[in-house]
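Look at Swiss-Prot and you will find His321 tagged as active site, proton acceptor, backed by similarity to another entry. Marked as 2-oxoglutarate binding site by Swiss-Prot on the basis of experimental evidence: Arg43, Glu44, His103, Arg163, Ser165, Thr197, His224, His226. The annotation L-lysine binding site is assigned in Swiss-Prot to Glu44, Asp123, Thr197. As annotated by Swiss-Prot, Zn(2+) binding site applies to Glu44, His224, His226. The compositional bias 'Polar residues' annotation in Swiss-Prot covers 1-10. Here Swiss-Prot flags 14-25 as compositional bias 'Low complexity'. For 35-288, the entry in Swiss-Prot reads domain 'Pyruvate carboxyltransferase'. Taken from Swiss-Prot, the feature region 'Disordered' applies to 1-25.
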Amino acid sequence: MSVSEANGTETIKPPMNGNPYGPNPSDFLSRVNNFSIIESTLREGEQFANAFFDTEKKIQIAKALDNFGVDYIELTSPVASEQSRQDCEAICKLGLKCKILTHIRCHMDDARVAVETGVDGVDVVIGTSQYLRKYSHGKDMTYIIDSATEVINFVKSKGIEVRFSSEDSFRSDLVDLLSLYKAVDKIGVNRVGIADTVGCATPRQVYDLIRTLRGVVSCDIECHFHNDTGMAIANAYCALEAGATHIDTSILGIGERNGITPLGALLARMYVTDREYITHKYKLNQLRELENLVADAVEVQIPFNNYITGMCAFTHKAGIHAKAILANPSTYEILKPEDFGMSRYVHVGSRLTGWNAIKSRAEQLNLHLTDAQAKELTVRIKKLADVRTLAMDDVDRVLREYHADLSDADRITKEASA
């Protein structure tokens, strides 16, 4: 900042690269402005406790996601049930622009069914941590590598994409993981996957593992982060910084337990990093409609503090905040609400309300107030707000009554002097 000698105000100088939160041009491995979203509402999201999507609803969600601009849609394994298989086939026949994937166990029986559904790719997974090797499938690393090799070669022979992922990656032995990924990369998988299945990883652990893996494999790297400890968004961002190429999301973050990286949250974070990339790639003004669609389907309310679309996401209440926002929204907003089809709201009915907000609201109602009058009226509104919550209609009524009193007083004064 520099200080103007004329009036003592500070002039804000833009950062040299235009965005202090943008990608580091010297970091050639970072993919924060060049990544793909694998949208898993119709796979991971089906594992949400309240979820039940019939065929019609799945098709509706798939079309909406495709129109929104996601790169991939991941579907529940066709082996899960007969209806799951039929739904997978139905969505594959829609002719969507995005690629359709299905998620299967590292079994040849699953692979044979999956490749016949018409999907563009198969996501193969098997547990690699000591917990899952002992209590889930009971197999050793030799068996895992052999099974992975067989399944991957089979899927590749059908001419479709294949991703191989470990499950519970961050509680797996690092040497085992790297040996496994090196083996499947040599076979020719399109992607390897890292999964924080229990949500235990920290951003630093994510960054370190992805950077290490990036030096071992030449294929793309997909990441799947659960949100048990509230780190799914930060972990997804750090994965991209470290060189990951694909991130799994679900609408509203729904999934097993308390879910995975929310689609809207990831886009909020990446928008700050590269607004142009995100606004050109995705139809952001459709995000609220997408979230409402899924929220209704699983019978939940969108949280008040939800990223971007929550009722309070662009609401400003404190007087000093409101004054600055009215002068320049960038003072207290890192996201532009209009880019997401949202609106800014300045709260004017509380004990925290400042006179700038009251004057701005009066102007919206075509009521002219001087600064002194706005300050006087603000004192009156604060007194009322100390007693009870004031709705916008309450504030508007007080504004109109005050302005009417001013008009009457002005008329009487003019008549007396005539």
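Here the Cβ of each residue, glycine as well, is placed from N, Cα and C on the backbone.
Show me how these features fit into the shown structure, please.
If you take the C-beta of His321 (active site, proton acceptor) and look for same-chain residues 6 or more apart in sequence within under 8 angstroms, you find Thr331, Tyr332.
Packing around Arg163 (2-oxoglutarate binding site) is summarised by its Cβ count: 27 other Cβ atoms lie within 10 angstroms of its Cβ, all protein chains included.
Glu44 (2-oxoglutarate binding site) falls within a helix when secondary structure is assigned with DSSP.
DSSP assigns His224 (2-oxoglutarate binding site) to a strand in the three-state reduction.
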Name the secondary structure element type, per DSSP in three states, that contains Thr197 (2-oxoglutarate binding site).
coil
For the Zn(2+) site given as Glu44, His224, His226, which other residues of the same chain have their Cβ within 8 Å of the site's Cβ centre?
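After dropping the recorded site residues, what remains is Ser40, Ala195, Asp196, Thr197, Phe225, Ala232, Asp248, Ser250, Gly255, Glu256, Gly259, Ile260, Thr261.
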Across the record's 2-oxoglutarate-binding residues Arg43, Glu44, His103, Arg163, Ser165, Thr197, His224, His226, the largest CA-CA distance in angstrom?
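The widest Cα-Cα gap among those binding residues is 19 Å.
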Could you tell me the C-alpha distance between His226 (2-oxoglutarate binding site) and Asp123 (L-lysine binding site) in angstrom, no decimals?
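For His226 (2-oxoglutarate binding site) versus Asp123 (L-lysine binding site), the Cα atoms are 17 Å apart.
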What is the average pLDDT across the domain 'Pyruvate carboxyltransferase' (35-288)?
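Mean pLDDT, the domain 'Pyruvate carboxyltransferase' (35-288): 95.
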Give the distance between the Cα atoms of Arg43 (2-oxoglutarate binding site) and Asp123 (L-lysine binding site), rounded to the nearest whole Å.
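Checking the Cα atoms of Arg43 (2-oxoglutarate binding site) and Asp123 (L-lysine binding site) gives a distance of 11 Å.
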